[in-house]
Amino acid sequence: MKYLSRAAIAALMTSAAIPAAAEECIAPANPGGGWDFTCRQVGRILTELGEVPNMVQVTNLSGAGGGVAYTHVVGDRNDDPEVFVAASSATTTRLAQNAFAGATADQVRWVGSIGGDPGVIVVANDAPYQNLNDLVEAVKADPSKVAFAGGSAVGGFDHLKVLMMLDKAGFTEARQVKYIGLDGGADAITQTVGGFAQAMTGDLSEITGFIRSGDVRPIAVLSEERVAGFDDVPTAKEQGVDIVAMNWRGVYVPKDISDERYNEWVEMLKKVGASEQWQSIMAENGLAPYDIFGAEFETFVADNIAQIQAVSKEIGLLK
Amino acid sequence: MDILANLAMGFEIAASPYTLLLAVIGCFVGTIIGALPGLGPSNGVALLIPISFSMGLDAISALVLLTSVYYGAMYGGRISSILLNIPGDEPAMMTTLDGYPMARQGKAGEALVISGVASFVGAFLATIGLMIFAPYLAQVAFQFGPAEYFALYMLAFCTLGGIGSNNQAKAALAAAIGLAIAMIGMDQTTGMPRFTFGEMHLMDGVDFLVAIVGLFAVAEVFFFIETHGKDSAIGVKLGKILVPWRMLKDTTGAMLRGTGIGFVAGVLPGAGASLGSFLAYMAEKSSARDKSTFGKGNPRGVAAPEAGNNAAAGGALVPMLTLGVPGSGTTAVLLALLLTLNITPGPLLFTERPEVVWSLIAALLIANVVLLLMNVPMVKVFVHILSVPAWILLPGVTMVAFVGIYSLTGSSYDMLMMVGFGALGYIMRKLDIPTVPVILGILLGNAMEDNLRRAMVLSNGDWTFLFSTPIAIGLWIAALAGFLAPIFLRKVLKTPPLPETDPSLNED
């Protein structure tokens, strides 16, 4: 028994061991989440395209919503040319709110984004709101009567989507907006269908099943254009509220690698984004195109963080 | 007879020789993962996901392998609970209360057989329940808002009194310690970190596995060193191991009641297997005539929580499959697995991907039968752990505990924290304070607080909102009854009311 159990542990542990001298992708969460997905798919496509000589090693380094991986890269691997890290809106949100123990966004280099999960606002099927403006008017009339449910904690990306949307629509009393944070989009949906919350915000991919089953009715998608497969869902922009909130999927690399190496990463990521494999993965997983690379992406991240900081200050998360 | 036709289809897909082999491997690995302290069903499954990818398994084979590991770990958790007083995973915590005393009396074999059969009964009936009722049960989740969940957690804490100790104040103190520890980390309702002292490892809160391995495994080792193993089950002379038919017959009722309670707890997202086994145990104890023998090696105290936790594991698949809402930590990992296989659980899964659902159900049934066949004969092997000399066994347990905890996040911080919990556990045992309520506080504290505060946000701070629906009121009455009954009615009534959600209590 003891030998068998030791053998089992040895087998399990080898999956976590880190061999040297190969491209490594750090997923700052446990297997199965969005970051892990980014690492595994990008890693696989890089290998299939022949961009890297061997398999990309995926390392799961979870903790503090990506903070453990971030400080690990900044502190210990700052000039490692072989490592890249999966990131998303959650990463910039936390950086903006200073949740990574003082680490800042300029301590790494942002390579690019190759896809995005569009934000969406849904209401229960029997709710009185027919479009985004109905909902906004209801909030303006009495913010205490409209509760939003979302899959992230207060101050997380789902909460910020609501606040930024209402801000653009002309309701600036961010502190009066009622929001309850749940553990993930599906949980937030059940609270909305059950009538406990009046509206729900989340990522489109999380809730496609509920939209198609008719349990909830989407009233706005927060992307530039309508999303393929959901052509009858109008964008917020069409309805006069100028907001785009995409949960982008991208990567960053350490700060002190050479410019040459950084440009190589950008080129490699561009090739992954343009590949057939990635296009079909996006279609299967409800992701929309959202390509930003290199210097442009660094600017995007900086703007994104400034915007989140402004909203966070309004609701008192930042001073 | 749609169900039978569908089930036949499921078996057709899932029952090839190759997948059966995977099921056997998965069950075996799972049992061992479950038995090792620190490695439970959720990190067991999480560790195997990358392996199933690198093996290039197709969706169905991967599902069979990982559900076998999942159920295997649920079965395996009981082994170290009974033999060493160290729960292999968090739902097996309640099994230590009566399982370990049985082992000390030389009845380890009986305890293992009964708990194995109880696991089978719980898991098998829950799988059948999942098959028949899943589409209807999905609606239950819509009835549970923040107020109802808060009342449900209150019910759990109200029935805590007297668990593993005769002093209710000590149980309450332990629960308060657990609740206090649960406050550490990011607060969902304000987005602010609490009690983290700027330490990033505390941002996600204290992992209950760290607490459970520290409070049970490490504390057990400390205690063993002090007493030189006088009170331990290690080295106890074992009787001949026979299938204890009589005991099985006596515990049938406990198994069935445990299954019912566990299944309901599992179906409610957010309650999960630990609450299932806890409520099953407390219900069995409070409805028993021989209450005083609980905690001293009553076989029913082994059967009820084991049936409860395995039934809850099956029940937790209902919200996971029909809503995409994971009912427990492990189903969260299974959900992630389904998503990576491009299967999106949700209201349409049963109609759009019947082959996936029914082959999953077939896989669960196969895994269960394999586990029963594997576990009962293997009891003979398991009990030999007790004949391993303590100077090999305890360092081994300690090592496994450290490795298991390190594998959680790969940080040495968790290991230090585990040793800290070990010291706390040792002190608590010295003072005769039960440790189970601490774990319960850590497990449920966050969810309980979040739901209370969500309720307050929704109602604009109106506390009567907590009593505004029939379900909430029913749960509050049950909680009140569970709290007061042992205090006032002990002498008046022979059988106090069951502390569970009895629909007849909904009269208000």
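Backbone N, Cα and C define each Cβ position, glycine as well.
Automated prediction, rather than curation, is the source of TrEMBL annotations.
Predicted, not measured: the structure shown is a model, and the values here were computed from it.
For reference, TrEMBL has these:
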DOMAIN    B:20-440  domain 'DUF112'
TRANSMEM  B:20-39  transmembrane segment
TRANSMEM  B:45-71  transmembrane segment
TRANSMEM  B:111-134  transmembrane segment
TRANSMEM  B:140-162  transmembrane segment
TRANSMEM  B:169-186  transmembrane segment
TRANSMEM  B:206-225  transmembrane segment
TRANSMEM  B:256-283  transmembrane segment
TRANSMEM  B:323-344  transmembrane segment
TRANSMEM  B:356-376  transmembrane segment
TRANSMEM  B:382-406  transmembrane segment
TRANSMEM  B:427-445  transmembrane segment
TRANSMEM  B:465-489  transmembrane segment
Cβ contacts the transmembrane segment (B:427-445)/the transmembrane segment (B:356-376), at least three under 8 Å, sequence gap 6 or more: no
Segment-level pLDDT (mean, integer) for the domain 'DUF112' (B:20-440): 84
Spatial neighbours of the transmembrane segment (B:169-186) far in sequence, C-beta under 8 Å, 6+ residues away: 157, 160-163, 192-196, 202-206, 211, 428, 431-446, 448-449
Criterion met for the transmembrane segment (B:382-406) and the transmembrane segment (B:256-283) (at least three Cβ pairs under 8 Å): no
Highest-contact recorded stretch vs the transmembrane segment (B:356-376), from B:20-39, B:45-71, B:256-283, B:465-489, CB pairs under 8 Å: B:45-71
Among the ranges B:20-39, B:45-71, B:256-283, B:465-489, the one whose Cβ pairs under 8 Å to the transmembrane segment (B:206-225) are most numerous: B:20-39
Folded-back contacts onto the transmembrane segment (B:20-39), same chain, C-beta under 8 angstroms, at least six residues removed: 47-48, 57, 61, 64-80, 86-89, 92, 209, 212-213, 216-217, 363, 366-367, 370-371, 374-375, 378, 382, 397, 400-405, 407-408
For the transmembrane segment (B:256-283), sequence-distant contacts whose Cβ falls under 8 Å of one of its Cβ atoms, 6 or more beyond its ends: 74, 90-95, 97, 118, 121-122, 125-126, 129, 137, 140-141, 144, 149, 152, 155-156, 159-160, 163, 301, 303-319, 323, 325-330, 439-440, 443-444, 447, 482, 498-501
Tertiary contacts of the transmembrane segment (B:45-71), as residues 6+ beyond its ends and Cβ separation under 8 Å: 13-14, 18-19, 22-27, 29-30, 33, 39, 123, 310, 313, 330, 333-334, 336-338, 340-343, 356, 359-360, 363-364, 366-368, 370-371, 407
